[in-house]
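*Asks:* Got these off TrEMBL a minute ago, pasting:
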type	residues	note
BINDING	76, 77, 106	UDP-alpha-D-glucose binding site
TRANSMEM	20-39	transmembrane segment
């Protein structure tokens, strides 16, 4: 800013650059500096939020939730990834009678329908498994690709996890 302002306070014989472009550049730099300054304002006083799970209403007072998962082309959006999203949404920690998951397939492909049937068959076992053991990662692909599980000492959990891998 000092460099640009010093240009305007030079003696007129020393000015060799046209004033209007210099003024436009100076104004644009001021605007960019102001935008940068405003973008940094969240760092001056960061907001910290605290979660109070005890304040949540009972399950019967929670509102119904509709989850829409849209897909268009099974070649661009692999059906396996879409079904992982569907299964993850179904495994949310929410009352099942108030959770509705819808899949919208704009292409109307047969592959998506077949994958949806397979995902529904898998979800019948996966969702109770997630709820029983309180899994944080409800996405089957992410869960089975990670080597860590929270119940290392439980033989019952390990047996059910093996059964899930086969399904």
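Including glycine, each Cβ sits where the backbone N, Cα and C put it.
A description of the local structural setting of each listed feature is requested, covering burial, neighbours and distances.
*Replies:* For residue 77 (UDP-alpha-D-glucose binding site), the same-chain residues 6+ apart in sequence whose C-beta sits under 8 angstroms from its C-beta are 71.
Beyond its flanks by at least six residues, the transmembrane segment (20-39) meets 1, 4-5, 7 of its own chain at Cβ-Cβ distances under 8 Å.
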*Asks:* Provide the number of Cβ atoms within 10 Å of the Cβ of residue 76 (UDP-alpha-D-glucose binding site), excluding the reference atom itself.
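*Replies:* Result for residue 76 (UDP-alpha-D-glucose binding site): 8 other Cβ atoms within 10 Å.
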